[in-house]
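Asks: According to TrEMBL, the record shows the following:
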ACT_SITE  His150  active site, proton acceptor
BINDING   His150, Glu180, His208  Co(2+) binding site
Amino acid sequence: MDKTTGYREEAVLVVSHGTSHKSAREKAIQPMEELVRQTFGDWRVETAYTSVAILKKLREQGVGCRNPEEALEMLWGEGFRKVAIQPLHLVGGYEFDKVGKAAARMEAKGMRVCLGAPLLDSGEDYMQVLDALQDKILEEKGGMTLLAGHGTSHEANSVYGQLESLMHARGWPALMGTLEEGVEAVLPRLGKAERVRLLPFLLVAGDHVMNDLAGGEEHSWSSILKERGVAVECVLEGLGENPGIRAIYLRHLEKALDGLADGAS
């Protein structure tokens with residue numbers, strides 16, 4: 001314990017893609033940061049964002065923010081030599097890889113860094129994610145829940161198909177689509193669904209949710225479905241607002257902290 005700051009000599013860095021929407025940030029990202037602070041009260045906790053575009057927007061808004069390497073450099077400059085990073089990314093794709101590269105650069109300087117897993121990393125994670133979403137699934141006759149993830153050209157995109165298979169194994173009337181592929185890729189599989197609940201499989205309810213999914217423009221998922229005569233309900237919340245999802249991230253962070261304590265890197 002540093003007697004000057006009251007913190008341990010190790011730190012935690014919570015990293016997300018970020019959002020320029022203040023309300024979305026307050027609802028879906030800050031609660032995770034606060035959970036970490038409450039759980040590990042004597043640890044220094046910092047925040048970073050991986051999206052270059054989001055960082056630019058936030059800085060234009062006058063919001064102080066850092067990317068992962070900037071945050072790690074700041075902690076290094078303040079004397080922290082052991083840092084556990086918990087990314088809030090859903091899959092181990094390109095944005096998650098950015099965090100790993102920043103960690104590797106700092107390790108080359110002598111910092112010990114342990115990186116927590118993304119949301120969907122193990123079989124246990126998949127099961128707990130589905131448990132957390134159980135009460136969001138529309139189970140009425142003629143109903144279908146359509147989860148909308150971001151999608152990626154990275155090989156990690158396979159997690160979306162795996163999640164859909166597990167939903168079907170539970171007997172859920174649910175499909176998984178991605179913004180990368182568009183709602184058109186899902187339409188042939190909707191069958192005779194008369195009502196669709198659009199459920200964002202995204203950390204925050206930012207631009208993608210408000211515009212691409214629920215927006216009134218003709219290209220939005222909601223508009224395209226309504227054009228087909230389907231009644232649409234949009235859930236306007238991100239996964240970061242779900243306590244069950246935050247519990248998974250916390251478990252991953254605890255594992256990273258164990259690695260830090262054991263001297264693993």
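The backbone N, Cα and C atoms fix where each Cβ goes, glycine too.
Whatever TrEMBL says is automated annotation, not expert-curated.
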Asks: Name the residues of the same chain, 6+ apart in sequence, whose Cβ is under 8 Å from the Cβ of His208 (Co(2+) binding site)?
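Replies: Set apart from His208 (Co(2+) binding site) by at least 6 residues yet with Cβ under 8 Å, we have Ala148, His150, Leu179, Pro200, Leu202.
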Asks: Please list residues from the chain of Glu180 (Co(2+) binding site) whose Cβ is under 8 angstroms from its Cβ, counting only those at least six apart in sequence.
Replies: His150, Gly151, Thr152, Ser153, Asn157
Asks: Look up His150 (active site, proton acceptor) in the DSSP assignment and reduce it to helix, strand or coil.
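Replies: In the DSSP reduction, His150 (active site, proton acceptor) maps to coil.
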Asks: According to DSSP, which of helix, strand or coil covers His208 (Co(2+) binding site)?
Replies: helix
Asks: Can you list, in sequence order, the residues of the same chain other than His150, Glu180, His208 whose CB lies within 8 Å of the CB centroid of the Co(2+) site?
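Replies: For the Co(2+) site the neighbour list reads Ala148, Gly149, Gly151, Thr178, Leu179, Leu202, Asp212.
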Asks: Mind giving me a neighbour count for His150 (active site, proton acceptor)? Other Cβ atoms within 10 Å of its Cβ, every protein chain shown.
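Replies: Counting Cβ neighbours of His150 (active site, proton acceptor) within 10 Å gives 21.
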